[in-house]
Amino acid sequence: MACICFQNCSCKECSGSGKALCENSKICLDRSRICDGIVDCPNGDDEKQCPGSCPRPPSDVTDDNLLCADGKRYNRKYACSGLLKQCQDKCLNCDAEIAFTCKNKKCVPRAMVCDGMNDCGDGSDEAKCDCGVLERAGNVIRCGMTSEHITQKCIPALRRCDGYEDCPGGEDERNCDNCNANPKAIYCNVTRTCFSSTKRCDGFEDCPNGIDESGCTCEECRKQPYAMYMCSASARCFPRSRVCSPFSRCPRATGIDKLFCANKARIARSEL
């Protein structure tokens, strides 16, 4: 919990070994909320210079970030993906790789197109879904039937091997020779599968050889919509909530990485 001091107080009632005072404010926090990936102090001091944190650019106000309705900044790709409702009114353009642009300019995830649900609100995501009509217009792929879809879904052939699973079963991204349909996509030559660029450095190995998680940079890790931990001695990053299990999952974990997990374990025990 946070304790807010009022006029003429030094926050002594909040002080102690388990408390911390935000700089230039009268807000005290439990130390468990320091470096937890969530900004609590007005100036963000509780999340600065933390183990595993990536230094921010001089300003978070960049072309790649959008300030959304919840007061937080998100990478533009995720903000305009249709997945984050708090950003829905902030996007002038939906992300073409992972989102569909409705006639009313709303963004919805591509997977929701032709799923039988009016996700756009104006019906435009369900307007051109008849396989017969699509086949007469050009080359299409008929997706396999699934228990979730009572009608067969068809997609334009140009969406095959572009890194995004348009078919409910994802077969449009398997057995690919390359991902030339989308230069941003990740090609896994082990499984001959294409993955979206959003899978890059998200902390989860989608390709058995780990190519989607190797050689990560702070810039790539910061793009994720959740707090990430950058390993000290290897170009790997993990969600801060998953980097300790309970020991550090970082390859060649350093003392800093191990201490981070030890502190998390200590805090978890103290809260029991």
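Backbone N, Cα and C atoms are what each Cβ position is placed from, and that goes for glycine too.
TrEMBL does not curate its annotations; it predicts them automatically.
As written in TrEMBL, here are the features:
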DISULFID  Cys35-Cys50  disulfide bond
DISULFID  Cys102-Cys120  disulfide bond
DISULFID  Cys114-Cys129  disulfide bond
DISULFID  Cys161-Cys176  disulfide bond
DISULFID  Cys201-Cys216  disulfide bond
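Distribution of TrEMBL features across the structure.
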{"residue": "Cys35", "record": "disulfide bond", "DSSP class": "coil"}
{"residue": "Cys50", "record": "disulfide bond", "DSSP class": "coil"}
{"residue": "Cys102", "record": "disulfide bond", "DSSP class": "coil"}
{"residue": "Cys114", "record": "disulfide bond", "DSSP class": "coil"}
{"residue": "Cys120", "record": "disulfide bond", "DSSP class": "coil"}
{"residue": "Cys129", "record": "disulfide bond", "DSSP class": "coil"}
{"residue": "Cys161", "record": "disulfide bond", "DSSP class": "coil"}
{"residue": "Cys176", "record": "disulfide bond", "DSSP class": "coil"}
{"residue": "Cys201", "record": "disulfide bond", "DSSP class": "coil"}
{"residue": "Cys216", "record": "disulfide bond", "DSSP class": "coil"}
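Within the set of disulfide-bonded residues (Cys35, Cys50, Cys120, Cys176, Cys216), the lowest number of other Cβ atoms found within 10 Å of a Cβ is recorded at Cys50. The distance from the Cα of Cys161 (disulfide bond) to the Cα of Cys120 (disulfide bond) comes to 25 Å.
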